Amino acid sequence: QSRRTQLLLVNSLTFGLEVCLAAGITYVPPLLLEVGVEEKFMTMVLGIGPVLGLVFVPLIGSASDHWHSSYGRRRPFIWVLCLGVLLSLFVIPHASSLASLCALNPRPLEIAFLILGIGLLDFCGQVCFTPLEALLSDLFQEPDNCRQAFSMYAFMISLGGCIGYLLPAIDWAFLAPYLGGQESCLFSLLAVIFLGCVLATLFVTEEAAQGDILDGPALKDTSPKPFLSCCCCQLARGSYLLQARHVLQALRNLCALLPRLHGLYCRIPRVIRRLFVAELCSWMALMTFMLFYTDFVGEGLYHGVPRAKPGTEARRHYDEGVRMGSLGLFLQCITSIFFSTIMDRLVKHFGTRAVYLASVVFFPGAAFVMCLSHSVTVVTISAALTGFTFSALQILPYTLASLYHHDKQVFLHKYKRKEEEDAALLDKKSAFTKGLLSSQKLPYQNGHAGSLFSSSSSSSPSSPPAVSSSALCVSSSCDVSLRIMVGEPEPGAPGRGICLDLAILDSAFLLSQVVPSLFMGSIVQFTQSVTAYMVSAAGFGLVAIYFATKVVFDKGDMAK
């Protein structure tokens, strides 16, 4: 398959995910209000997905880096998360029917099913982008190819957002009677679109990234074949013990979840840490704007009142402002699509540093214009132009992360050096083993088959060669095989893959949704003005400018 075909197949799922997230999450607030969920609890429900994502995204990223299967490292995780999205697309519109089947008083259970479906859609949909980004990085490793791949990725996200925002606005009356109503019709259509996009990934050929395979010393077959045969024979006899160790290892991993999460977040390379902080500030600025822009237009520009009774003049002004705000966000998607198509040319002409800094600097300028202007036209144009920043944040940080991993010797030298030390240590062990083999006979050549737990004390004093070889078999090859079987990594094995670092960057996006939701309501209540939304967005943008100047763009920045 051509690289262009591969790119389209992978990014078709990007399109499908964004369509489902944009349409589903847009349609969700009215559904929650209809079943009696209060507004203050509604925002908490919408925060379930991002909060869970913050916990599981780095774990899934790390697991994907170490996964080995006939379907590759990324697609198994993608398919499982896509299954969760499909399940949520069924649960959300049928929450009432499912509740009626399970209880006599269906309303509480209906709310529970609805919250479950919304959380599942938001969590699986947003987390699925991480292995998808890693798959793109695996397939397109060269910097130029990677930038083109993520330009297409950003294009598909913007296009999916446009389609997703438009689908709920369409009156599906001509199909609704056949599919159980407007809600069921919309979500059935989303399920069909998404399923087609998921099936496209079956034809993607995952390529092994030579510089990023995390086999580590424990997964490499460097032991001599006689030792391996000996160990396989002994492992067969200890199958029951291995099963017990599997269970114990699973319990141990469960107990070690929080320390593991702490380790993944704290042991971050300097280049990734700088990029993460810049990303976090930039996304917080952009998400503060996107989450509250419609409310800002409805109350600030149209002087509407959201809590006014339907049909009143104040409520009509607010609804009109919300529609105009939605138009501004739609135009932002259109602008993002445009810049995604020309991003590669901009970077080639001006360089990654100039384009990235320009996008970050541009946003607070647009936000300040929205703060100061009372013209609906000027504010809408400013909102539309923020699509430049949105497009850049969807492309350039991921291409930078791919650059870091493509040239680990320069940007991730500490982790590259660790891999080289482990390889050298493994070579020494292998040489030592071969030396013993050349001078000593194997246990089973002397008639001693041995057992999995044989030790030096189990052999007779008159056969020291058998003793040393048996002990060596248990302590080296058998131990390595056991580590493989029960999932214990060899001490010192390299564990830094690109999916983990992409997951850390995606955590910045997820965190940027949680923080504004928690604090912006209180800030607006304190200031008694919705202009505080745009002022806060501009403030985050100014902070983002400072940290963007600290991002490592090339080798010369490593000395800073």
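The backbone N, Cα and C atoms fix where each Cβ goes, and this holds for glycine too.
Cross-referencing 248-266, 324-342 with TrEMBL places the feature transmembrane segment at 324-342. Against the transmembrane segment (186-204), stretch 7-29 shows more Cβ pairs under 8 Å than any other of 7-29, 153-174, 354-375. In this chain, the transmembrane segment (7-29) touches the transmembrane segment (76-99); three or more CB pairs sit within less than 8 A of each other, excluding pairs fewer than 6 residues apart.
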